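Right, I'll just put the structure down here and ask away after.
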């Protein structure tokens, strides 16, 4: 066991304008208010991001597009532009007012979600999905940078965990809303004059986009906190000088967290189809169960991950990634058994611990990055890490499952074996990658502590 190391203390970053809220108790409460607003933004992001995948049938029917084109809309149009635009988003976050940038980005991606509902052809829908991805690229770098300025490092895992609940709530609500989308939207198209003439699936896009504009205004109530010197200024840190000696850690981090993320994407993409092909369940029935699981056990898992990291940090300096590695290794056999269970209700029961564990790591990776990164570089370092993790996570998991099903087993009915074996191997590989990177992580943590003490 490595020697106990206290996480380096970081003074609470208070609002730039001093005033009554500068008292420690009020500052702490205000930090949680900021997290609460960011949670709402994250929920809006996941709703707008996921809703298309739950409206595939009516979109194909009305626009006349193929499965391949649907795949491009869900993958290339959103994921690639989302991942690559994180880098310039991080640059903006490091240099300009984060609150204003985030409020503007949220309004943009909500407008693009409305544009999805207005689309009448594949090219129009593709361009609108690109816009959603570009707008949402700002959220991660801006949110993590803001949260890091409002919380001391010993409370950062919990704060990022609470923020990450937005993803679980958004995914759960998207599943549940998607299961009833056409049924719920149909009365709205009949009752509201401005929705008449639109199909229910189009109204569904309008409905999920609408709350985002109110959240965008709410973001403007956040005070922009003070932060360190801008990178590149005299005495400020250089991005290249920061990244170069940390290459080994970043390689293990991005590959390990990326592969672990790919397990979640693989199961989100294929569980509904697996239940349909194996047990004859309708997609809407599976979506309802998955949505409830995400709302209850996904939320619990995220909170447990953050609190577990705080507890483990009393004994291990590398608590965040150590816990992520343990989660990945425990998750591997659960992935296999849940998919191949052979009984739909047993399979659903096993997907409860899967949901809990597969969400419990989501705050650990971002927390690890905040703990080693100077304030002036957080936007860009978060952007680089998020870009690489998302490219691996989105592209690898669903593809591995498809390749195993098509080329190893050769039958669509064998999807459960492709899903179980593929997810299990990805989770095992992620755990080993993170374990072998712990020594590099401890080293960069010590470097971060030395820099703060200097």
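For all residues, glycine too, the Cβ spot is worked out from N, Cα and C.
Take a look at what TrEMBL says about it:
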DOMAIN    34-448  domain 'Major facilitator superfamily (MFS) profile'
TRANSMEM  30-52  transmembrane segment
TRANSMEM  72-93  transmembrane segment
TRANSMEM  100-120  transmembrane segment
TRANSMEM  126-146  transmembrane segment
TRANSMEM  158-181  transmembrane segment
TRANSMEM  201-220  transmembrane segment
TRANSMEM  250-275  transmembrane segment
TRANSMEM  287-309  transmembrane segment
TRANSMEM  321-342  transmembrane segment
TRANSMEM  348-372  transmembrane segment
TRANSMEM  384-405  transmembrane segment
TRANSMEM  417-441  transmembrane segment
Out of 100-120, 201-220, 287-309, 384-405, 417-441, which stretch has the largest tally of CB pairs under 8 angstroms to the transmembrane segment (321-342)?
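The listed stretch sharing the most Cβ pairs with the transmembrane segment (321-342) is 417-441.
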Quick one: do the transmembrane segment (250-275) and the transmembrane segment (417-441) have at least 3 Cβ pairs under 8 Å, skipping pairs fewer than 6 apart in sequence?
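In this chain the transmembrane segment (250-275) contacts the transmembrane segment (417-441) - 3 or more Cβ pairs sit under 8 Å.
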So which of 100-120, 126-146, 201-220, 384-405, 417-441 is most in touch with the transmembrane segment (30-52), counting Cβ pairs under 8 Å?
201-220
Cβ under 8 Å to the transmembrane segment (158-181), counting only same-chain residues 6 or more beyond its ends: which ones?
31-32, 35, 38-47, 49-51, 53-55, 143-144, 147, 150-151, 200-201, 204, 208, 268, 283-285, 287-288, 290-295, 298-299, 301-303, 305-307, 310, 359, 362-363, 366-367, 370
Between the transmembrane segment (126-146) and the transmembrane segment (72-93), are there three or more CB pairs that fall under 8 A, provided the residues in each pair are separated by 6 or more in sequence?
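Per Cβ check, the transmembrane segment (72-93) touches the transmembrane segment (126-146).
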Looking only at the domain 'Major facilitator superfamily (MFS) profile' (34-448), report the model's average pLDDT.
88
Would you confirm whether the transmembrane segment (201-220) and the transmembrane segment (100-120) meet the contact rule of 3 or more C-beta pairs below 8 angstroms, pairs 6 or more apart in sequence?
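Judged by the Cβ rule, the two regions touch, with the required three close pairs present.
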Are there residues at least 6 beyond the ends of the transmembrane segment (287-309) whose Cβ is under 8 Å from a Cβ of it, and what are they?
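Result: 54, 157-162, 164-165, 167-169, 171-176, 178-179, 271-272, 319-320, 323, 327, 348, 351-352, 355-364, 367.
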